[in-house]
């Protein structure tokens with residue numbers, strides 16, 4: 001992605017997940033007050049990097065003059081001015097992260113949080129706060145909250161009055177405390193009240209097991225809940241163990257995975273792919289860059305990938321790469337549809353700013369933003385609990401097992417096909 005060292009993030013979650021590039025401190029402007037310097041630093045980062053060169057069809061320089069002339073008497077007024085300036089872009093992923101929020105975003109990729117376990121997003125079409133995905137085993141998942149459910153209020157506060165980070169902060173809190181959410185489920189007209197008890201949310205991203213339930217066949221199951229800093233290492237370790245245990249094929253579960261570190265997603269794709277393109281990125285100049293697999297895949301055994309409406313961002317990059325390269329069969333429901341990349345810049349006072357800098361396309365140049373990825377085999381999943389994942393009630397998982405043991409899942413396209421499956425091209 002360039003000559004400078006960059007750390008790839010993916011947007012959360014606050015949990016808002018997408019693809020983020022960490023770039024560190026940037027020089028402040030001179031000959032201004034400290035508050036003006038911070039505002040100008042934020043303005044300049046957007047001016048230099050923002051994907052839309054029209055800045056939502058407005059004069060970005062005039063906005064600079066407007067906000068730098070505003071009296072900025074303290075840091076809170078400066079943050080408010082920056083947030084108002086960014087809001088004129090009418091794009092929810094470009095946003096200010098105050099120091100605590102910036103720190104929390106970093107923590108979510110490596111540690112644990114006390115909250116209800118929801119990744120959230122502001123729908124750019126409705127401007128409504130909605131659920132991207134509940135974390136596996138979280139209070140939110142146990143309560144049955146689903147992707148695209150709208151969050152109308154948090155403890156009685158209308159979410160239309162809250163920023164994304166303010167909403168996230170209200171849902172976090174000490175363990176065993178309660179928070180009330182007013183939820184409008186997709187396809188319904190009457191909101192429901194949910195009272196959830198906050199718990200420590202483990203961010204360990206991988207669960208794996210060998211499934212011997214089908215006679216004569218062993219299927220390795222890997223569930224990846226997010227692309228955190230240790231995701232690649234844990235997936236690689238799980239894959240190595242399952243290979244040693246004699247797995248004949250694999251199910252990679254990306255359901256309700258809202259994304260994570262972009263580099264982790266690319267590295268995990270390389271575990272499965274032969275030499276091939278993983279993803280293209282396109283910046284505001286139209287310059288296209290690509291990430292590729294090096295041809296050193298860890299296995300060439302048949303692979304099925306489970307996806308649903310909560311599969312977003314970096315998860316869609318991985319799923320799209322495996323589908324477009326005919327390496328895997330996708331099973332489940334259409335994915336979320338987030339195809340934008342944000343760079344995360346650290347500001348001079350310890351705050352941060354996320355700026356949408358690029359969009360991505362799958363290896364076959366599909367732009368999935370707001371469209372999602374359609375699986376090869378559409379299987380709708382009735383509501384199940386976390387404990388029922390991989391059980392007979394998990395019809396998507398059972399469909400994946402059927403594909404693997406019935407002989408229609410995709411194996412490494414350049415290798416001999418194991419007896420467990422025959423290769424086919426996705427429809």
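All residue numbers here begin at 1 and follow the chain in the order shown.
Including glycine, each Cβ sits where the backbone N, Cα and C put it.
The annotation signal peptide is assigned in Swiss-Prot to 1-31.
As annotated by Swiss-Prot, domain 'PDZ' applies to 104-186. Summed and averaged per residue, pLDDT over the domain 'PDZ' (104-186) gives 88.
Taken from Swiss-Prot, the feature active site, charge relay system covers 313 (among others), and the record attributes it to similarity to another entry. Every protein chain shown contributes to the tally, and the Cβ of residue 313 (active site, charge relay system) ends up with 37 other Cβ atoms within 10 Å.
Its Cβ taken as reference, residue 324 (active site, charge relay system) is surrounded by 20 other Cβ atoms within 10 Å in the chains shown. Swiss-Prot lists 324 (among others) with the feature active site, charge relay system, giving similarity to another entry as the kind of evidence.
Swiss-Prot lists 338 (among others) with the feature active site, charge relay system, giving similarity to another entry as the kind of evidence. For the recorded site, residue 338 (active site, charge relay system), the DSSP three-state label reads coil.
Counted within 10 Å of its Cβ, the other Cβ atoms near residue 338 (active site, charge relay system) come to 29, all protein chains included. DSSP assigns residue 324 (active site, charge relay system) to a helix in the three-state reduction. Between the CA atoms of residue 338 (active site, charge relay system) and residue 313 (active site, charge relay system) there is a gap of 5 Å, rounded to the nearest whole number. A straight line from the CA of residue 313 (active site, charge relay system) to the CA of residue 324 (active site, charge relay system) spans 16 Å.
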